[in-house]
Each structure stands twice: as structure tokens, then as C-alpha cells.
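Novice: I'd like to ask some things about the structure below.
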Amino acid sequence: MNIKKFAKQATVLTFTTALLAGGATQAFAKETNQKPYKETYGISHITRHDMLQIPEQQKNEKYQVPEFDSSTIKNISSAKGLDVWDSWPLQNADGTVANYHGYHIVFALAGDPKNADDTSIYMFYQKVGETSIDSWKNAGRVFKDSDKFDANDSILKDQTQEWSGSATFTSDGKIRLFYTDFSGKHYGKQTLTTAQVNVSASDSSLNINGVEDYKSIFDGDGKTYQNVQQFIDEGNYSSGDNHTLRDPHYVEDKGHKYLVFEANTGTEDGYQGEESLFNKAYYGKSTSFFRQESQKLLQSDKKRTAELANGALGMIELNDDYTLKKVMKPLIASNTVTDEIERANVFKMNGKWYLFTDSRGSKMTIDGITSNDIYMLGYVSNSLTGPYKPLNKTGLVLKMDLDPNDVTFTYSHFAVPQAKGNNVVITSYMTNRGFYADKQSTFAPSFLLNIKGKKTSVVKDSILEQGQLTVNK
């Protein structure tokens, strides 16, 4: 038995009893000599107070994903027989869309609609200047089945699916892909992974000529970011926990290379567990709000989910050869709020750093947020490493609440910075996979989001073509 862990649980139990009896802080201090604590661990937090403001705030149309006309939505013609969902463009170091020999490139997850385990990365491309969804061509799968074995990597050989990531156009004209190696063989082990993708160009097409320098980068250290062994030790799926270490997003700053990614906090920066419910830093606002909200949470059916909620947008520094150089603190964490903040995305715009993430209401512990609610949250800082403050006072940037069965349901919203101006293009996928015989998961119509300092708003009447990446304004 872990005596330290047992002692910590006993302390928490005493405080829980005191709170339920209405004694709050004074009773707890008298019985155990300890008090509710406030520990930020030197990172920014998505607080319960901010999130509780969102159900009212989201009624404003400037935060709402536009309504789309289902009769105009097309499957991707070059992806016949495939659902296509999470996607990301080949980007320059500053986040703008790269021009690769006259083409824009998008990497996307795709698979057989009838087989939920069929998840691989495909490469799509479109001539610069074209915007129609029918102009997207399909170069096929990035990786051959044999590549993971040929890489001579002990983690890669157990990969069963390829999950989301990012891609950068390097200064020497190469395509460097980052993605998530998912292994169904090891309780959902997830590993940040990279490869150079060799692509040849002609006047009419792009062709994948294999990959090289294919290797694992990071699978969690346990201290800063939860690893799969901790998930297993605590009961794996039966525990109700949700282990994440995925969606690597590449970014450069001042000559340094980094990955920002979805994760869960580790044992040294605010781990999951009942004791986390008594950290004032996770609640925000004031001590009186903490007392009221913590008592309510302790008596609610969301208590167990909140205990396990320790989502984070993590960060590591890379060497020039894209190996791990340094494990860094998370940019932001969502302890007690949600265990899952996805599709990490960060870029510099007009002198500020903007950090975005997608999340589902069904994974949250906030009153007033429903299981159908879909969000893109956003944060702003003067530096890449933070501290980050919520955009629009709460972090709400986009909200969508369509039934998952709706053809125009969208998720995986991704902000693409433009070369000029204050608008970014929002891409996403439309239609959940495997729901319809004739409607596949496809590129959703893009639209514009305006960013000015600490505020954002959806630009009215700004719906673009399906999968459109850039605007000439």
C-alpha cells in the first residue's frame, strides 16, 4: 500500500465530511490542522467560475458556429468510400498555410465508414487559388503498413491507429509530419510521433514517395504528464479515467522548436484525485465562490468525473533533429472541469500568442453545459509559454449544439491564421462517421473568425467553401 497516498486520501475524507456538515474551512482546520489550498503549479487554468459563465454567454450569436445548408454539402469526391474527419494543413513556421510547389496540402484522418478501427492519415492537395471541394485530390495514405516495422522503433511496432497532429514546411523545403501513434494493444497508449514525408510535384499532381526519419518522440513522463502506465495502475478503463497524450501541434519561437499537445497533468503539477477538489486555483474568483461551488460539487453526481478531470495542453521542446530536448510545464490545465481538451493549436498574431482547444460538453462537469454542447475555447498571452488569459473573459470562442446525428454536425474546429488582417479561417469536419450510407464525414464549410486583442467574434455571412484554407483579403 502507498502510505502517502492513503494519508492524503484520509485527509481529504475528513475535509469532505466537514464540508458536507456545513463546517467548511474552520471545521477542517480544527480536525486536521490543514486547510483548502491554492496551488497553481506555475501554470494557467481553465477555472470553474469562467466555465459557469458560458451557458449564458453562448446565447450571443458572435460565438455560434454558423448554420449550414445540408443540401449543399458534398462528400470529398477523391475520397470515395472513406469518411474524412480531423484535418490539418501543411503550415509555415508562423502558422500560415504553406505553398508547396503551387499546392496547398491537408493531412486528414480517414477510414472505412463500416470499420471504426480503420483510422489512418491521408494526404489531400489542391492547387493554390482553387477553393471548390471538388478540387481536392487524394494522394492516398501517408504510411504503408510496413513503415512502422521498418522504422526499428520499439513503440511504433505496436501502433494500431494513426491519430491527429500537425505538419510544418521546413526552412529547407521538407515536409515534417507530427501525429499521434495510438496502440490498442496497450490500453490506448498514445505517443507523439514524427516523420519526414517525401513528396514529389508535377504540374497536375503530388505523389507520396515514402517517409524517412520515422520515430517516436514522447509518451509521457508521469511527473509532468500522465503516462499510460499510471492509467493502467489506477484501473484503466474501469476507473472512469480518460488518458490523453495526442494531437501534437508544431510551433517555432525565437529559433526554438516546440510541440504543444493534448495531455493530462502528472504527479508534480496537479494530478487527478479527490484532493484536487479542494484547490482554490481550479475554481477562480473568490474564497466565497470556492466554498459554495466546492460544497455543491462534492454533493453532485459529477464529483467522480471532476476528481479525474486533469486535462492539459502540454508542451515539449525539440532538438533540431526533432527528438525530445526538454519536457516543459503545460500552457493551461482544466483540473476538475474536464479530462479532455483536444486539437491543441497556438500561433502568434499581431504581437500576441493565441491558444485554442476543442472540447465536448459531454466530458465536462459544469452545470448548464449539456452533452450536445461542442466548444472551441481560446486564450491569449504576451509570450508562447504564458501566462494565458481567457479570450472573451471566459475562454468561449465557438459553440455548437446540434444533435450528433445531424448531417451538418461539426467538430474538430481549427483556426488557420492568414498572412494579413485580423481574421482567421476556421476549418472542421462535418457529419459523424458511419452515420449515413450516402453522407460521409467530409470537410465542413469553413468560415471566418475575427480576433482583436482579447476578443473574438464569428464574422457574419462569412461561410466559405468546404475545406477552404485561405482568403484573399
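The backbone N, Cα and C atoms fix where each Cβ goes, glycine too.
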Novice: The sucrose site in Swiss-Prot lists W85, D86, R246, D247, E340, R360. Which one of S154, S164, S171 belongs there according to the record?
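Specialist: Answer, per Swiss-Prot (sucrose site with W85, D86, R246, D247, E340, R360), from S154, S164, S171: S164.
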Novice: Write down the one residue from D241, D358, D367 that Swiss-Prot lists together with Q272, L308, N310, D339 as binding Ca(2+).
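Specialist: As annotated by Swiss-Prot, Q272, L308, N310, D339 share the Ca(2+) site with D241, chosen from D241, D358, D367.
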Novice: Relative to the Cβ of E340 (sucrose binding site), which residues of the same chain, six or more apart in sequence, are found under 8 Å away?
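Specialist: Those within reach of E340 (sucrose binding site), by Cβ under 8 Å and sequence separation of 6 or more, are N242, T244, E262, G311, S359, R360, K363.
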Novice: On a simple 10 Å Cβ count over all chains shown, which one of the recorded positions D86, D247, E342 is most densely packed?
Specialist: D247
Novice: Max Cα distance spanning W85, D86, S164, R246, D247, E340, R360 (sucrose binders), Å?
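Specialist: Spelled out: the longest distance between any two Cα atoms in W85, D86, S164, R246, D247, E340, R360 is 18 Å.
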Novice: Return the member of S164, R246, D247, E342 nearest to D86 (active site, nucleophile) in space, with distance defined Cα to Cα and candidates limited to these recorded positions.
Specialist: S164
Novice: If you measure C-alpha to C-alpha, which of W85, R246, D247 (binding-site residues) come within 10 angstroms of E342 (active site, proton donor/acceptor)?
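Specialist: Near E342 (active site, proton donor/acceptor), where near means Cα within 10 Å, the binding-site residues are R246, D247.
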Novice: Where's the emptiest Cβ shell within 10 Å among the binding-site residues R246, R360?
Specialist: R360
Novice: Counting only other Cβ atoms and using a 10 Å cut-off, which of the binding-site residues W85, S164 scores lowest?
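Specialist: Each of the binding-site residues W85, S164 was scored by Cβ atoms within 10 Å; lowest is W85.
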